[in-house]
Amino acid sequence: MPKLILASTSPWRRALLEKLQISFECAAPEVDETPRSDESPRQLVLRLAQEKAQSLASCYPDHLIIGSDQVCVLDGEITGKPLTEENARLQLRKASGNIVTFYTGLALFNSANGHLQTEVEPFDVHFRHLSEAEIDNYVRKEHPLHCAGSFKSEGFGITLFERLEGRDPNTLVGLPLIALCQMLRREGKNPLMG
């Protein structure tokens with residue numbers, strides 16, 4: 001049975017994969033994440049997830065390698081990590097009363113036989129109308145400077161939302177586990193069977 005590799009250094013993705021109670025290792029993929037001018041958000045996350053998984057194949061020749069990538073889209077534009085408090089406030093002002101869509105690309109690459117499975121999972125976050133004071137308090141309390149969209153849904157960010165829509169809530173954090181379990185079963189690795 002091939003071993004499992006998570007092509008990511010994200011502590012959030014690692015924590016999500018640990019929910020499946022299967023043995024895995026993490027490795028950092030070497031991928032240029034620059035978007036191409038002709039790529040849609042869906043195409044971007046699909047390409048990057050695939051490249052991340054395949055980039056580790058030579059180092060891990062008989063493994064199942066998981067690649068994942070996510071973008072946050074508001075008004076048709078990709079919204080990155082804010083990095084500063086002012087940018088976080090600006091992103092939250094734009095999101096207030098709107099729908100933010102997260103696209104998460106997932107790839108599972110079997111480096112032993114070259115079989116690749118891919119999927120893109122959308123997830124919609126419906127923001128309630130936020131006051132300036134709420135935005136300021138949220139940024140001060142949660143400090144979401146390294147989170148796309150300027151919030152942490154698994155934390156205090158839940159207070160910003162009116163509704164969440166998607167097949168798998170794990171998608172919003174960065175790794176669609178329902179889709180991943182389906183892919184793993186197709187490769188003969190059922191998380192419920194060890």
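Heads up, the Cβ atoms here are built off N, Cα and C, so glycines get one too.
Swiss-Prot annotations:
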- W12: site 'Important for substrate specificity' (SITE)
- D69: active site, proton acceptor (ACT_SITE)
- Q70: site 'Important for substrate specificity' (SITE)
- E154: site 'Important for substrate specificity' (SITE)
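Here the features listed in Swiss-Prot are painted onto the structure.
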residue : record                                     : DSSP (3 states)
W12     : site 'Important for substrate specificity' : helix
D69     : active site, proton acceptor               : strand
E154    : site 'Important for substrate specificity' : coil
By Cα-Cα distance, the member of recorded positions W12, D69, Q70 nearest E154 (site 'Important for substrate specificity'): W12
Cβ packing number for D69 (active site, proton acceptor), 10 Å threshold: 25
The residue listed as 'active site, proton acceptor' and W12 (site 'Important for substrate specificity'), distance between Cα atoms, whole Å: 12
Cβ neighbours within the same chain of Q70 (site 'Important for substrate specificity') - under 8 Å, at least six residues apart: V45, F102, Y103, T104, G105, A148, G174
